[in-house]
Amino acid sequence: LFYRYQDCTFFNKKDILKLHARFYELAPNLVPMDYRKSPIVHVPMSLIIQMPELRENPFKERIVEAFSEDGEGNLTFNDFVDMFSVLCESAPRDLKASYAFKIYDFNTDNFICKEDLQLTLARLTKSELDEDEVVLVCDKVIEEADLDGDGKLGFADFEDMIAKAPDFLSTFHIRI
């Protein structure tokens, strides 16, 4: 079972066992000790976002939703391992960028539009900017990152912007 995870993640067997222990700790009444007995268990988002690695993150719900196959934010062990794998230090920039894009695309239209940027900014600044400041920042981001001039950021625009952010890889990660 664990070899399968080793093949498609950035983890070794020890890491995967540690992740299973963490998953079990989140909901011991739901998750069996021996995962092979009941592999499709969904741990609710409300428990996942209480993890120390996510608790203070302003995007915790969006992060969990991005990895949730059921679309409700509930995670299976597969989803949980995927989340930690993408957010680990070993994951490549393009993989991290694709999930970051999903997280910031609040309206799920496959673009990061002005409204998505406003929601992102509100979370990052804890709504401390006034409306004019928010509009100014969002306009500036679109002006600088919108390569094709359509008034929104497609994935290529976003990826180009991320490539210019040297701290992206070091900030878009969590440790197990």
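A Cβ is built for glycine as well, from the same backbone N, Cα and C atoms used for every other residue.
For the Ca(2+) 1 site, Swiss-Prot records Asp105, Asn107, Asp109, and the single candidate of Asp94, Asp116 listed with them is Asp116. Mean per-residue pLDDT, taken over the domain 'EF-hand 3' (133-168), amounts to 94.
Distance from the CA of Lys152 (Ca(2+) 2 binding site) to the CA of Asp116 (Ca(2+) 1 binding site) is 10 Å. For the domain 'EF-hand 1' (55-90), same-chain residues at least 6 beyond its ends with a Cβ under 8 Å from one of its own Cβ atoms are 5, 9-11, 16, 19-20, 22-23, 31, 35, 39-45, 48-49, 96, 99, 102-104, 106, 123-124, 126, 169, 172-176.
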